[in-house]
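J.: First the structure, then my questions, so here it is.
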Amino acid sequence: MATDQDALWRIRQSLAEEGRLGGARGSQERVPLDQGQLDDIAWRMLRAGVQPTVEAIRAVYGSGSPNRLHPMLRRFYAGLATRLQLAPLADEVPVPLRQLWLQALDLASDAVRERHDAQAEELRQRVAELERREAALERKLKRLRRDGAAPRPPAAAAQAEPAAPANPPSGDEPSAP
């Protein structure tokens, strides 16, 4: 029975044979993985029944910073549902399986939409709360300024204070008689 490691090795070998592992064939030079290469590797993993992860991508490509690969992998997954919806089903797929697939896509789409709507509502509530807090702080600052307890903005403070001498006398200089 083939393991995930076997599948990853086969993917790596096929990419190497195609000269798609970065740098020239046989070169020790490492070229950073780009989004297109990551997408290609991730699709090959899915076809092999392996879940694309940062570690699996690194195992196939041979290198890559998790800090760089993780956002790229997230972009791959973000576009995955759209690409799967647009992918035509083979004519050989029986009607019940087609219906089941379309149902699964609808459920997944609904779940994503619900999660997105919930996050958007949470953000709207947070923005409204921050706006309320900002308005309350501005009212308090205005009241404090009116009562003379708060510092004035720099421009207003400069106008209200007399100018200081350009060269204040220091205690080291002798005073004139």
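Using the three backbone atoms N, Cα and C, a Cβ is placed for every residue, glycine included.
When I checked TrEMBL for this same protein, it listed these features:
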- 155-164: compositional bias 'Low complexity' (COMPBIAS)
- 41-140: domain 'KfrA N-terminal DNA-binding' (DOMAIN)
- 141-177: region 'Disordered' (REGION)
J.: So, by DSSP, how many helix, strand and coil residues make up the domain 'KfrA N-terminal DNA-binding' (41-140)?
T.: 82 helix, 0 strand, 18 coil
J.: Give, as a single whole number between 0 and 100, the mean pLDDT over the domain 'KfrA N-terminal DNA-binding' (41-140).
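T.: Over the domain 'KfrA N-terminal DNA-binding' (41-140), the predicted model scores a mean pLDDT of 86.
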